[in-house]
Ligand code: SAH
Ligand code: SF4
Ligand code: F3S
């Protein structure tokens, strides 16, 4: 094709941004762009940004600074900012970095090709609306190219929960679920193109209530329907809110074979006082009872979570309650963060905890979480697990894949096994991955 332009996208933040970046690349593919993995020869650079913590947001400006030389050498280079910083800061980004040509919020990606055509040569394009129309319905159909064995599929966006620390309800807008048929069509299309594992995504994915036959469907019903697709071997979903784990979804973990035994269920704190101040709308005890019910349905489920330490007014006793909750749950994997003040959120106005206290608590929590992660990984040694091989490993003749429990596993195997779920006996446990041997059957 004549005159193909090159697009470099850099993605920050959550998996929803990874999915959005794919969709943006596809949308701009229609406008003549092909992907490149370096900014140096790009005709357009797009930063898909995250606003969740202060550091994440500041990274955008330092990254933009690094493109100054490229823009000076090639004035027709278009630079765009997408994602949650684009939504939160809008035109302010162009004021701070005048070389930015285009700013697009997460709900307007279907308008990107038109914005791209307008931007450049001193013309700016800005769109941070929450449009009436559904961006997914207006995004171009996905191209038919073959793809890797696992894929993300966004089914729900936005959040109505307004946790006191969080920017997501402001950057992503109100909760919206995609209609059932569209999700099923996209899933079938992914499977035709080689996908064996789909991870359903949403800021509150278990609050899914998409329009389908007979009314709104729950996430559990959607999962059961997806499980009927031949060739789809595995289903996962993330991120869930404890208050939206309904009985049917818990039951699905016990009776739906394709639903993998892994659940990311953030709790943020183990202190009821802090949970209340965070506006999480449940207690530590309610969370623990919920975990009991989930484990009753699927005893070997691996749990993961998110924690914030040093939330405003958190005392040593509150923090001790978090450690106690972690001890009780025994997580296989976790993300933990120091509380980061986000302007415009309620918690930003409250008495802040000292930075060194936050750092100390984070270190203590992470030590406990790492210990649990290692214990659970070590306990896998000797067990036989399913592994979906995804790509070649670092050593010759080796493949890397994900176990049912989402552990990275490497094993000696031929490239023909990529895209297959193999039975693997776990033989060793390393820092962040397991070693195994394929069991021939
Ligand atoms: N919807 C998900 C979380 C999305 S944000 C949920 O409710 O669990 C991902 C994680 O970032 C959160 O779980 C939280 O642990 C962390 N986070 C969000 N805002 C933060 C802030 N202001 N400071 C530190 N961590 C934050
Ligand atoms: Fe943020 Fe809370 Fe919504 Fe999760 S549930 S996205 S933490 S406001
Ligand atoms: Fe970040 Fe936005 Fe995701 S703030 S975590 S990119 S929803």
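Glycine is treated like the rest: Cβ placed from N, Cα and C.
Taken from TrEMBL, the feature domain 'MTTase N-terminal' applies to 5-121.
The [4Fe-4S] cluster 1 binding site annotation in TrEMBL covers 14, 50, 84. Look at residue 84 ([4Fe-4S] cluster 1 binding site): DSSP puts it in a helix. Cβ environment of residue 84 ([4Fe-4S] cluster 1 binding site): 13, 17, 49, 50, 51, 52, 106, 167, 168, 171, 172 lie under 8 Å away, each six or more residues apart in the same chain.
The domain 'Radical SAM core' annotation in TrEMBL covers 145-375.
All protein chains shown were included, and the count of other CB atoms within 10 Å of the CB of residue 159 ([4Fe-4S] cluster 2 binding site) stands at 23. Taken from TrEMBL, the feature [4Fe-4S] cluster 2 binding site applies to 159, 163, 166.
If you look up TrEMBL, you'll see 378-440 marked as domain 'TRAM'.
Shown in sequence order, 161, 162, 165, 167, 168, 169, 203 are the same-chain residues outside 159, 163, 166 whose Cβ sits within 8 Å of the Cβ centre of the [4Fe-4S] cluster 2 site. For the domain 'MTTase N-terminal' (5-121), the DSSP-based tally of helix, strand and coil residues reads 59 helix, 25 strand, 33 coil. Between the listed binding-site residues, namely 14, 50, 163, 166, the fewest other CB atoms within 10 angstroms of a CB are found at 14.
Taking the centroid of the Cβ atoms of 14, 50, 84 as the [4Fe-4S] cluster 1 site, the other same-chain residues with Cβ within 8 Å of it are 12, 13, 16, 17, 49, 51, 52, 56, 83, 168, 171.
Residue 159 ([4Fe-4S] cluster 2 binding site) sits 14 Å from residue 14 ([4Fe-4S] cluster 1 binding site), counting Cα to Cα. DSSP classifies residue 163 ([4Fe-4S] cluster 2 binding site) as coil under the three-state reduction.
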